[in-house]
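S.K.: The structure under discussion is supplied below as C-alpha cells; questions concerning it will follow.
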Amino acid sequence: MLWFTVGRLVRWALLLLAATLSHGSWYQVRLVGVLFLFTLVVMVSLATTVGMLYAVRGALLETRARRAEGSADENTLTALNRTALAFAGLYITWGFVAQDARDFVDIDMMRNPDDIMTAALAGRESTSMRGLLDLNIWVSVGTMAVAFLLKTYFGRRHEAGGGRFSGVATTFSELAFAFYGLNALAWLADSRGDWLDGRTVVAGWRELSEEIAKVVPGWARLGDVWPFVIDGLAIPLTWLTVGILVYGAYAEDTRTTIRGTRLESAADRLDQAHSLTRTTLAKLTGGWTSRWIPLLNSLRLTIRGGAPLFGLFALCYVGLEIGGDYLERAGFYLAGDEKPFFWMVTEVPITFVADLVVTVLSMCLVAATYDIAATRARSSQES
C-alpha cells in the first residue's frame with residue numbers, strides 16, 4: 001500500500017508539472033520538457049509495480065526455497081534495473097501507457113476547463129490537452145537522435161553487465177525515443193493519411209478481409225469477441241509475465257520458450273538456414289515475438305503448475321477488475337451528487353481508494369499464482 005500511495009503521489013505531481021509546463025512562451029522548448037516529464041511518469045509507474053511485487057517477495061515459498069539453496073537476495077533497485085527494459089516493452093506493447101496519456105489530458109483540462117472556449121472567443125489557438133502532440137517534427141527528430149544515442153550507449157553497458165543503473169537508464173532512453181518519435185509519426189500519419197488509404201496493400205487487405213468474411217463463418221464477429229479475449233486472457237497473462245520478470249524466472253528468448261516442444265526441431269532447422277534467411281525472418285517476426293513470446297513463456301510456466309491454475313488466475317483477475325468498477329460506483333453513490341460539480345471534489349479520492357484496493361489485490365494475486373506455479377515446477381524437477 002505504501003508503494004502504491006507514494007507512487008501515485010509522485011506520478012500525480014509529475015503529471016501536474018507537465019500539464020503546467022505545456023502552456024506559455026517558448027512553446028516547443030516547453031514541449032520537450034513535457035515529454036521528458038511524461039517519460040518520468042511512465043518510469044514511476046514501472047517502479048511502483050516492481051516495488052509492490054517485490055514487497056511481497058519474502059512471503060513466497062519459492063523465495064524461501066532459493067534462500068535455503070544459498071541464493072542471495074537482491075534489493076529493489078537491482079530488481080528494477082534488471083527488469084525495467086523488458087517490463088517497459090510490455091508496458092508500451094500492450095497499451096498500458098495509454099492510461100498515463102489519458103490522465104495527463106484530464107489533469108490539463110481540469111486545470112483550465114474553459115481554455116478552449118476563451119481561446120476561440122479571443123481568436124487564438126488553444127494549447128489545452130495538446131502537450132503530448134504538438135512537438136515540431138524537426139524537434140522530435142533531434143530529440144529522437146539524442147535519445148537513440150543514449151539508449152545505444154546504456155544498452156551496450158547493460159548487455160556487458162556494467163553500471164549499476166544501466167538497465168534503468170536504457171529503459172528511460174528507450175521510452176524517450178518512443179515518445180518523442182510518436183510526434184513525428186503523428187505528423188506523418190496526418191499528412192499521409194489520404195495517400196495511405198489509396199495504396200494497393202491497404203485496399204487489398206480490406207478487400208481480402210471482406211472476402212474472408214463471406215467464406216469463414218463468424219469472421220465478422222471475431223472483431224467483437226477479440227477485445228474480450230485480450231482483456232480476459234492476454235492482459236492478466238501480461239501482468240503475470242511482469243511478476244515472473246520481477247521474481248527472476250523469465251525466458252527472454254524464443255528458444256527457451258519452445259524448449260522441449262515440437263517447435264524446437266523447426267528452430268534447429270532454421271539455425272542451419274542461410275544467414276540472410278534468418279535475418280529476414282527475424283525482421284518479419286520481431287514485433288510478434290516482442291509482443292507474444294514473453295506471454296507464451298508465462299503461460300507455459302503456469303500450465304506446468306496445472307492448467308486450471310491459469311484459468312482460475314484469469315477469472316480472479318477479471319473479477320477484481322469488475323469488482324473495482326462496482327466499488328467505484330458505490331463510492332460515488334455514497335458521496336452523493338446533490339451539489340453541482342461536487343463530483344470534482346470526490347472523484348480523486350474515490351478513484352484512488354478503488355485503484356488502491358484493486359491494484360494491491362491484483363499484485364498479491366500475481367505473486368500467489370507465480371508462487372504456486374514455481375513451487376509445483378520445482379517439485380516436479382526434484383521428483
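Including glycine, each Cβ sits where the backbone N, Cα and C put it.
Just so you know, TrEMBL annotations never went through curation; they're auto-generated.
Heads up, here are the entries from TrEMBL:
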- 34-56: transmembrane segment (TRANSMEM)
- 77-97: transmembrane segment (TRANSMEM)
- 135-154: transmembrane segment (TRANSMEM)
- 166-189: transmembrane segment (TRANSMEM)
- 225-250: transmembrane segment (TRANSMEM)
- 301-320: transmembrane segment (TRANSMEM)
- 340-368: transmembrane segment (TRANSMEM)
S.K.: Which sequence positions outside the transmembrane segment (225-250), separated from its termini by at least 6 residues, show Cβ-Cβ distances below 8 Å to it?
M.R.: 49-50, 53-54, 57, 60, 62-63, 79, 82-83, 86-87, 90, 94, 294-295, 297-299, 301-302, 310, 313-314, 317-318, 321, 362-363, 366-367, 369-370, 374
S.K.: Does the transmembrane segment (166-189) reach the transmembrane segment (135-154), going by 3 or more CB pairs under 8 Å (6 or more apart in sequence)?
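M.R.: Per Cβ check, the transmembrane segment (166-189) touches the transmembrane segment (135-154).
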S.K.: I'm a bit unsure how to read this: which one of 34-56, 135-154, 340-368 has the highest number of Cβ pairs shorter than 8 Å with the transmembrane segment (77-97)?
M.R.: 34-56
S.K.: Could you pull out which residues elsewhere in the chain have a CB under 8 Å from any CB of the transmembrane segment (34-56), counting only those six or more residues past its ends?
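M.R.: 3-4, 6-8, 10-11, 14-15, 17-18, 21-22, 76, 79-80, 83-84, 87-88, 91, 96-97, 100-101, 104, 131-132, 135, 143, 168, 171-172, 175-176, 179-180, 183, 242-243, 246-247, 359-360, 363-364, 366-367.
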